[in-house]
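A.B. asks: Input: one structure, supplied below.
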């Protein structure tokens with residue numbers, strides 16, 4: 001199948017596609033997890049054609065090359081081995097004479113040891129055990145840890161975790177006011193120790209601490225491959241610097257030392273469960289037939305919606321408050337990975353790539369933007385997620401209400417309500433027939449709005465590891481469909497360079513003839529304030 005044939009397969013409505021075999025043919029399970037895509041406009045021809053497209057693109061060879069440690073990130077000449085970060089002990093992996101498995105295990109052991117020392121008080125401040133941990137990082141050094149920390153709050157039994165990412169001083173100031181600084185540990189998460197937002201925030205944190213404690217360096221650790229810079233700028237010794245290889249991409253790094261604050265909050269056993277769940281998905285993704293491979297089918301649906309149906313966005317709505325930040329995490333994962341305009345070979349892509357990812361937690365989302373989703377002339381596909389079990393004993397009925405809302409929204413989006421049905425319902429409720437006829441267009445819903453469902457038994461560290469690994473594998477698969485390099489981010493790098501070049505103008509070394517006319521006005525106004 002080619003792209004034109006894929007677009008030609010779009011036509012039948014969701015209602016027209018429903019039959020007694022629809023669910024069985026358009027859903028897949030992995031252990032307790034269900035991915036249901038039966039309420040989409042995907043046809044059998046489209047599903048089979050998308051699998052054929054992957055085979056034509058030698059998807060399995062590319063996937064296996066990633067797992068084998070080949071340098072599939074061709075624009076940076078790097079391996080892509082975030083999957084190795086969750087390999088269990090006893091696994092063997094060598095690439096170009098580098099013992100990847102041993103490197104991972106050594107790094108993990110060092111992080112676990114430090115985390116347990118902080119948790120137990122074996123490593124402490126002069127005032128006593130650390131009560132708070134502040135992670136300073138941005139992008140992949142923040143979004144993954146924040147997601148996990150918020151999702152697994154109930155399992156946290158270590159020091160309180162805080163995250164500061166924005167160089168806006170309000171973010172750091174707010175956290176500093178909530179902590180006992182004499183018992184606070186700061187973790188600076190910057191592989192290069194050159195990310196301006198992170199380093200400026202860390203410098204202000206250090207300056208603040210120097211006014212509070214006698215030896216501020218005790219209160220700092222670093223996640224970096226530049227220990228000499230950590231020592232020089234913050235007095236952090238090598239034993240409190242935890243590095244990782246260049247084959248760990250930022251948005252795929254939560255499994256690496258970037259997860260150190262999570263190890264401190266959760267403990268090594270719970271973090272190990274998180275890794276184990278991800279590894280289970282890795283094995284499924286690597287070995288399951290494409291036609292029964294959950295992340296592959298997720299990617300097929302994503303590409304179908306983007307390129308077969310022409311939908312420009314992807315709305316992610318977890319009916320699980322603990323996953324409220326998942327849409328934001330997926331924004332970086334998917335749009336930074338696949339928001340590309342050229343192929344791996346450097347040619348212009350001939351189809352649309354990453355959709356805009358957005359969303360928030362249900363049922364709150366229903367009271368914000370679901371009006372648009374139900375009645376806008378421009379449909380957008382939704383991705384629902386929900387746990388079957390309540391968060392704790394005593395919350396059973398609340399969970400049933402949550403599930404009922406999730407399922408009802410899916411049905412309403414798929415099948416809608418005709419003007420005739422709306423009119424009849426109003427008349428049955430006692431409304432005058434003329435008024436009902438007048439209001440019917442406003443109370444009708446066109447339906448045929450696609451949605452998928454990911455259901456899991458309960459949100460545990462293992463389940464969360466699976467959810468994130470599924471998203472990573474889906475992202476990789478969509479990148480293969482589009483032929484792009486999902487592992488570089490030159491657009492992000494451009495922004496860093498331009499911000500550095502702009503800083504002198506903001507600091508006062510500004511002359512109108514040094515910038516374009518469109519920017520000279522705002523700069524002049526800024527300096528006049």
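For all residues, glycine too, the Cβ spot is worked out from N, Cα and C.
Heads up, here are the entries from TrEMBL:
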type     : residues : note
ACT_SITE : 336      : active site, proton donor
ACT_SITE : 367      : active site
ACT_SITE : 496      : active site
A.B. asks: Just to verify: the residue among 367, 496 with the fewest other Cβ atoms within 10 Å, which of the active-site residues is it?
C.D. replies: 367
A.B. asks: For the C-alpha pair, I'd like the distance in angstrom between residue 367 (active site) and residue 496 (active site), rounded off.
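C.D. replies: Here the two Cα atoms are 37 Å apart.
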A.B. asks: Return one of helix, strand or coil for the residue listed as 'active site, proton donor', based on DSSP.
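C.D. replies: Note: the residue listed as 'active site, proton donor' is helical by DSSP.
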A.B. asks: Looking at Cβ-Cβ distances, which residues of the chain lie under 8 angstroms from the residue listed as 'active site, proton donor' while being 6 or more apart from it?
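C.D. replies: In sequence order, 251, 489, 491, 492 meet the Cβ cut-off.
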